[in-house]
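Engineer: Take a look at what Swiss-Prot says about it:
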- Gly8, Arg9, Ser10, Gly11, Ser12, Gly13, Lys14, Ser15: ATP binding site (BINDING)
- Asp60, Ala61, Arg62, Asn63: GTP binding site (BINDING)
Amino acid sequence: MRLIIVSGRSGSGKSTALNVLEDNGFYCIDNLPAGLLPELAERALLHTELLHPQVAVSIDARNLPSQLKRFPELLEEVRARHIQCDVLYLDADDETLLKRFSETRRRHPLTNESRSLAEAIRDEELLLAAIIDHADLKIDTTHLNLYQLRDMLKLRLLNKPEPGTAFLIESFGFKRGMPVDADLVFDVRCLPNPYWKAELRDFSGLDQPVIDYLAAQPDVEEMFQDIHAYLNKWLPRFAASNRAYVTIAIGCTGGHHRSVYLAERLGLALKEPLKNLQVRHRDLA
């Protein structure tokens, strides 16, 4: 049995995550009381013919605070039964969550006469602290639309070709914010920028003219060799520590040229030693 626990602040995309998982064969349960997690695991062991082999449940701030505080011990009970269990935590910045609630006009579950929407959003993070601390995969949905979030969920949760740590190399542009869910961040803004070459500006790091330009720059090659040497040495150590997911972010100014080029090269260079490796370009249209 595979169990995915989906959590996150309201408006971060939990419903979308459950829909994606359901569309891909998971039996989904929304707003499961956290205290029922061990019972769900026990039933899975005793009645394997009755329960679906892939189950996803959402646990969020609608739970009793006392149950949320017990999440670490409840999770340990589940994993002690040797069930493959991943904890997914979705989030977005406060401003984005406020905007989403304003646009949909939905009521936040924690708002009341004495608590404003902004206060509810802040308080929700405190309530979910125990889940945040034990999340295997965190996804920041601030800059993701509905379709991008669906693609990201499929990429990270459903496309693991074999057991072990799932690695993601992600290019991004600092002008749209640094990905808060990254485990390692490399800033490559010091490298020559193709954007300032008029004939290269409209291309990306996936296009041959930009590839040829950057491949000819000594500083770019040196940066690639240094990052590759670091990742080649240390990523296997992450895998050996039983990490389920590791995200490596490569950032330039706009996320179109230098970071894309280096992410692609690193993906190719590390594909053989790291079987579960994927490359994504956050800011390419």
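The first residue you see is number 1, and the count goes up from there.
For all residues, glycine too, the Cβ spot is worked out from N, Cα and C.
How buried are the listed features, and what sits near them?
Structural biologist: Here Gly11 (ATP binding site) comes close to Ala92, Thr96, Leu97, Arg100, Phe101, Thr104, Arg106, His108, Ile121: these same-chain residues lie at least six apart in sequence, with C-beta atoms under 8 angstroms from its C-beta.
Non-local neighbourhood of Ala61 (GTP binding site): Arg9, Ser10, Leu68, Pro109, Leu110, Glu124, Leu127, Leu128, each in the same chain, at least six residues away, with C-beta under 8 Å from its C-beta.
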Engineer: Using the alpha carbons only, what distance in Å do you get between Gly8 (ATP binding site) and Arg62 (GTP binding site) once rounded?
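Structural biologist: Cα-Cα, rounded: 11 Å.
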Engineer: Determine the most Cβ-crowded residue among the binding-site residues Arg9, Lys14, Arg62, using a 10 Å radius around each Cβ and all protein chains in the structure.
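Structural biologist: When each Cβ's neighbours within 10 Å are tallied, Arg9 tops the list.
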Engineer: If you run the three-state DSSP split on Gly8 (ATP binding site), which class comes out?
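Structural biologist: DSSP assigns Gly8 (ATP binding site) to strand.
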Engineer: Reported as an integer number of Å, what is the Cα distance between Ser15 (ATP binding site) and Asp60 (GTP binding site)?
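Structural biologist: Roughly 11 Å, rounded to the nearest whole number.
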Engineer: Given the binding-site residues Ser10, Ser12, Ser15, Asn63, and counting only Cβ atoms in the protein chains shown, which has the most within 10 Å of its Cβ?
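Structural biologist: Counting every other Cβ within 10 Å of each candidate, the maximum falls on Ser12.
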Engineer: May I ask which of the binding-site residues Ser12, Gly13, Lys14 is closest to Asp60 (GTP binding site) if we compare their C-alpha atoms?
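Structural biologist: Nearest by Cα distance to Asp60 (GTP binding site): Lys14.
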